[in-house]
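> One structure is given below, represented as structure tokens, and several questions about it will come after.
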Amino acid sequence: MFPRETKWNISFAGCGFLGVYHIGVASCLREHAPFLVANATHIYGASAGALTATALVTGACLGEAGANIIEVSKEARKRFLGPLHPSFNLVKTIRGCLLKTLPADCHTRASGRLGISLTRVSDGENVIISHFSSKDELIQANVCSTFIPVYCGLIPPTLQGVRYVDGGISDNLPLYELKNTITVSPFSGESDICPQDSSTNIHELRITNTSIQFNLRNLYRLSKALFPPEPMVLREMCKQGYRDGLRFLRRNGLLNQPNPLLALPPVVPQEEDAEEAAVTEERTGGEDRILEHLPARLNEALLEACVEPKDLMTTLSNMLPVRLATAMMVPYTLPLESAVSFTIRLLEWLPDVPEDIRWMKEQTGSICQYLVMRAKRKLGDHLPSRLSEQVELRRAQSLPSVPLSCATYSEALPNWVRNNLSLGDALAKWEECQRQLLLGLFCTNVAFPPDALRMRAPASPTATDPATPQDPSGLPPC
């Protein structure tokens with residue numbers, strides 16, 4: 001129940017091809033609680049949820065939207081690699097379906113109420129776009145929100161000059177944390193409208209704000225989000241969404257209320273039992289009645305999806321020999337189909353080539369600059385320490401060995417070595433002192449007296465000393 005002063009939002013989670021579940025929920029809300037959609041402050045969506053939110057806000061035919069999802073899934077299943085086949089262009093298909101389904105004034109209806117979750121490529125931050133200037137801009141916002149990198153292509157699309165990718169990467173369920181937000185998700189968990197699995201596992205997996213209970217059914221749903229299941233499975237998911245929407249409305253007292261802004265009176269126990277019985281009847285034998293309440297276009301699409309065409313070509317293609325021959329010819333037909341689809345995409349890409357090439361050059365330069373800066377940072381952290389260790393080790397090995405047992409150890413080093421605080425200066429002065437000591441060892445100072453080199457005259461024979469012995473020959477000394 002919603003009082004007069006209460007405001008509420010509706011948020012649809014991204015889920016790939018399981019978006020047909022959102023179509024069932026939206027059909028239930030539009031049929032049984034139109035006030036809930038009309039009076040909602042904002043209706044948010046991410047990825048496939050953005051497509052349903054756009055259809056719900058702009059008043060587009062939900063039956064046609066559901067039929068488009070089923071047709072796209074059938075086209076993807078026809079190919080050998082499914083959505084990954086080169087000839088399957090999901091972005092082009094989504095754009096064509098939106099152009100055909102949305103009304104001409106869709107951007108006027110959506111501005112201010114619709115919120116599309118996007119992921120900005122430059123920094124990975126989440127952005128919610130709520131204002132649109134034209135129908136093409138609204139369609140481009142949906143294309144950006146559903147663009148899964150590598151799965152849909154390598155070059156992300158542009159909106160208002162900025163590159164965006166799938167909004168589910170950064171925020172798959174916008175504004176889920178607000179208590180007044182009605183959250184819708186095809187995965188069983190803690191969302192307001194979601195499947196109620198009977199698993200007793202209490203563990204949950206939270207992926208970008210989306211609560212997913214850890215059980216086998218959710219694992220199966222996750223596996224079919226990007227690779228579409230059979231049309232019968234999609235039909236059951238749409239019915240499941242319709243049932244879960246009815247359960248939410250009944251549990252909150254919003255089913256078929258003429259004035260929901262007024263508080264509802266308390267419900268007596270007998271009425272609660274009657275409501276529980278109605279829920280049980282709805283679950284057991286009400287599937288046919290549910291199909292009657294679905295939009296006519298969606299009901300027709302669901303019925304057609306369960307019936308195989310009976311023409312001759314379909315019958316021949318389903319025969320076992322033809323299927324075996326087709327599988328054996330895949331190595332030859334796949335390169336040819338890839339070449340044709342590549343040529344077509346290249347021709348369609350020509351108008352955007354200059355802008356995309358410029359963007360790729362900028363991204364390549366940014367990546368290279370980031371790698372260079374990171375390498376410089378790592379080298380700057382390791383090289384100085386390694387070099388200083390090697391220099392200190394080399395200088396330490398060149399020092400003279402001084403025995404530690406020397407009693408006069410303090411006298412072995414000069415005062416400038418003991419008092420210096422810098423090891424490098426001490427080593428430099430020690431080497432200088434060592435060179436001076438070596439020069440002192442190999443240099444000898446010879447001192448001559450002043451008269452050492454003076455010539456002396458010989459002594460006369462008459463002035464001989466009597467104590468000096470005379471030569472017996474009587475000859476004078478030489």
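Each residue, glycine too, has its Cβ placed from N, Cα and C.
Predicted, not measured: the structure shown is a model, and the values here were computed from it.
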> Quick check on the record annotations: which of Ser11, Ser338, Ser422 is tagged phosphoserine by Swiss-Prot?
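The residue tagged phosphoserine by Swiss-Prot is Ser422.
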> Check the candidates Ser87, Ser111, Ser133, Ser398 against Swiss-Prot and report the one noted as phosphoserine.
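Checking Swiss-Prot against Ser87, Ser111, Ser133, Ser398, the phosphoserine entry points to Ser398.
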> Out of 272-294, 456-478, let me know the one Swiss-Prot marks region 'Disordered'.
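Within the set 272-294, 456-478, Swiss-Prot attaches region 'Disordered' to 456-478.
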> For the transmembrane segment (324-344), give me same-chain residues lying six or more residues beyond its boundaries with a C-beta closer than 8 angstroms to one of its C-beta atoms, as numbers and ranges.
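Counting only partners 6 or more residues beyond its ends, the transmembrane segment (324-344) has Cβ contacts under 8 Å with 80, 85-87, 89, 317.
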> Tally every other Cβ atom lying within 10 Å of the Cβ atom of Lys92 (ubiquitin cross-link).
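I count 13 other Cβ atoms within 10 Å of it.
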> What counts of helix, strand and coil residues does DSSP assign across the motif 'GXGXXG' (14-19)?
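Counts, helix then strand then coil: 4 helix, 0 strand, 2 coil.
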> Tell me, by DSSP, whether Ser366 (phosphoserine) is helix, strand or coil?
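Once the DSSP labels are grouped into three classes, Ser366 (phosphoserine) ends up as helix.
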> What's the number of neighbouring CB atoms sitting within 10 A of the CB on Asp166 (active site, proton acceptor)?
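Its Cβ shell of radius 10 Å holds 26 other Cβ atoms.
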